[in-house]
Amino acid sequence: VLSPADKTNVKAAWDKVGGHAGEYGAEALERMFLSFPTTKTYFPHFDLSHGSAQVKGHGKKVADALTLAVGHVDDMPHALSALSDLHAHKLRVDPVNFKLLSHCLLVTLAAHLPAEFTPAVHASLDKFLASVSTVLTSKYR
């Protein structure tokens, strides 16, 4: 459960991401594909090379979903319900992959926002991404 301080930290950090959200989402996906090659199996139709339009496009989708989650931090299950259905029933993404992408997002944010990425913000973002992952995997049960 996110504390009030966590919510404040997450919103402040995401505000700093600003217009770079899609770019950071794509970078996190690239990191995931390089670090955890098995994740590529969900994207057989994508050009997974550095800077590909498809990875950038999906990175923007990831960032948009996170922006939605930040904006509805007190009601993520409702806000992300359609996305949860999509990943559970149509795409059938293994839930572990959300943890892998979350890790890569944290690394990407730390690389781009070193001054803002304090231990407290790191912990809050980690809890937030874990909450998003829990919501996205809730329909698997």
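Note: Cβ is positioned from N, Cα and C throughout, glycine not excepted.
Sequence annotations record features per position, and here Swiss-Prot assigns domain 'Globin' to 1-141 based on sequence analysis. Under DSSP, residues within the domain 'Globin' (1-141) fall into helix, strand and coil as 110 helix, 0 strand, 31 coil.
Taken from Swiss-Prot, the feature N6-succinyllysine covers K7 (among others), and the record attributes it to similarity to another entry. For K7 (N6-succinyllysine), applying a Cβ distance below 8 Å and a minimum sequence separation of six or more within one chain yields V73, D74, S124.
Residues or ranges marked as N6-succinyllysine in Swiss-Prot (evidence: similarity to another entry): K11 (among others). Residues near K11 (N6-succinyllysine) in space but far in sequence (CB under 8 A, at least 6 apart, same chain), listed by position: V70, V73.
Residues within less than 8 Å, Cβ to Cβ, of K16 (N6-succinyllysine) and separated from it by at least 6 positions along the same chain comprise L113, E116. What Swiss-Prot records for K16 (among others) is N6-succinyllysine, and it gives similarity to another entry as the kind of evidence.
Annotation source Swiss-Prot lists N6-acetyllysine at K16.
Per Swiss-Prot, phosphoserine is recorded for S35 (among others).
Residues annotated as N6-succinyllysine in Swiss-Prot, with similarity to another entry given as evidence: K40 (among others). Sequence-distant neighbours of K40 (N6-succinyllysine) (same chain, 6+ apart, CB under 8 A from its CB) are F33, L48.
Per Swiss-Prot, phosphoserine is recorded for S49 (among others), and the stated evidence type is similarity to another entry. For S49 (phosphoserine), the same-chain residues 6+ apart in sequence whose C-beta sits under 8 angstroms from its C-beta are V55.
Under 8 Å, Cβ to Cβ, and six or more positions away along its own chain, H58 (O2 binding site) finds G25, A26, L29, F43, F46. What Swiss-Prot records for H58 is O2 binding site, and it gives sequence analysis as the kind of evidence.
Sequence annotations record features per position, and here Swiss-Prot assigns heme b binding site to H87. Long-range Cβ neighbours of H87 (heme b binding site) (same chain, at least 6 residues apart, Cβ-Cβ under 8 Å): V93, L136, T137, K139.
Annotation source Swiss-Prot lists phosphoserine at S102 (among others).
Residues annotated as phosphothreonine in Swiss-Prot: T108 (among others).
Summarising the annotation, Swiss-Prot assigns phosphoserine to S124 (among others) and lists similarity to another entry as the type of evidence.
In the shown protein chains, 19 other C-beta atoms lie within 10 A of the C-beta of S131 (phosphoserine). Annotation comment: Swiss-Prot describes S131 (among others) as phosphoserine.
Here Swiss-Prot flags T137 (among others) as phosphothreonine, drawing on similarity to another entry. The 10 Å shell around the Cβ of T137 (phosphothreonine) contains 19 further Cβ atoms across the protein chains shown.
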Check: 10 Å Cβ neighbour count around S102 (phosphoserine)?
Finding: 19
Note to self: For a quick check of packing: other C-beta atoms within 10 Å of the C-beta of S35 (phosphoserine), how many?
What the structure shows: 12
Checklist line | Spatial separation of S102 (phosphoserine) from S131 (phosphoserine) - C-alpha basis, Å | finding: 10
Notebook entry, point to check: By a simple count, how many Cβ atoms lie within 10 Å of the Cβ of T108 (phosphothreonine), its own Cβ left out?
Noted result: 23
Checklist line | Between T108 (phosphothreonine) and S35 (phosphoserine), the C-alpha gap once rounded to whole angstrom | finding: 13
